Amino acid sequence: MAARKAGLIALFDVDGTLTAPRKESTPQMLKFMQELRKVVTVGVVGGSDLVKISEQLGNTVTNDYDYVFSENGLVAHKDGKLIGKQSLKSHLGDEKLKEFINFTLHYIADLDIPIKRGTFIEFRSGMLNVSPIGRNCSQEERDEFEKYDKVQKIRETMVSVLREKFAHFNLTFSIGGQISFDVFPQGWDKTYCLRYLEEFNEIHFFGDKTYKGGNDHEIYESERTVGHTVTSPEETLKQCSVLFLGKDNGSS
């Protein structure tokens, strides 16, 4: 096997790119990523916290990849070691956080949707995750809400209201996954992780939500990256096989 190509990194979104949404990575994908690491530096960047990313990619995720950026890179690991951490609480302050959370909970309380469960707002190190149905819902309920949301645009409408109400907070709202959206200060999207990748002059990013409003859009459009849109983990395998391993096809 040839030596790694210097100055090049393959950077991957998690949900919809390396795994099905909120599902565990397949053995095939885990094996492929280790093969890929032999020829290029490999990193992952997800909106979820490290616990959730570990559930999907394995408990040894920070050692299985060269870079692991959880919460869009607001929590950053390199070679298994923590190299950076940003705090939403320190940035916004408790008063603004309370104002935003109170309004959002009132909005959800008044929201008429078929079902609601629990954990409507999840407080993470560098962002808030807001779910109209509640993160405690089952996988079947997730799938049903996703279909309902595509028609009724529950998340899109809610984001529009919050964006207008809290314009003075300078927040970014990013819809991702099946049931929720992330809220964080402007500039704290996935492009945040690029500050840790100054040594790379060729950054290939792979993601599924690369459209405007999707949580992969900003990094996909960044002038520092070569963006690749995928629709499934299977397509990720195929594109990477052609790009980096010189194969005509990936998974069969």
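Numbering starts at 1 and runs along the chain as it is shown here.
Even glycines carry a Cβ here, placed using N, Cα and C.
Alpha-D-mannose 1-phosphate binding, as stated in Swiss-Prot, involves R22, R124, R135, S180, D182; the candidate among R142, R195 given for that site is R142. Cβ neighbour density within 10 Å is lowest for T225 among the binding-site residues S180, T225. Distance noted between the C-alpha atoms of D208 (Mg(2+) 1 binding site) and D15 (active site, proton donor/acceptor) is 8 Å. Of all the binding-site residues listed here (R22, R124), it is R22 whose C-beta has the fewest other C-beta atoms within 10 angstroms. Secondary structure at Y220 (Mg(2+) 2 binding site), taken from DSSP and collapsed to helix, strand or coil, is helix.
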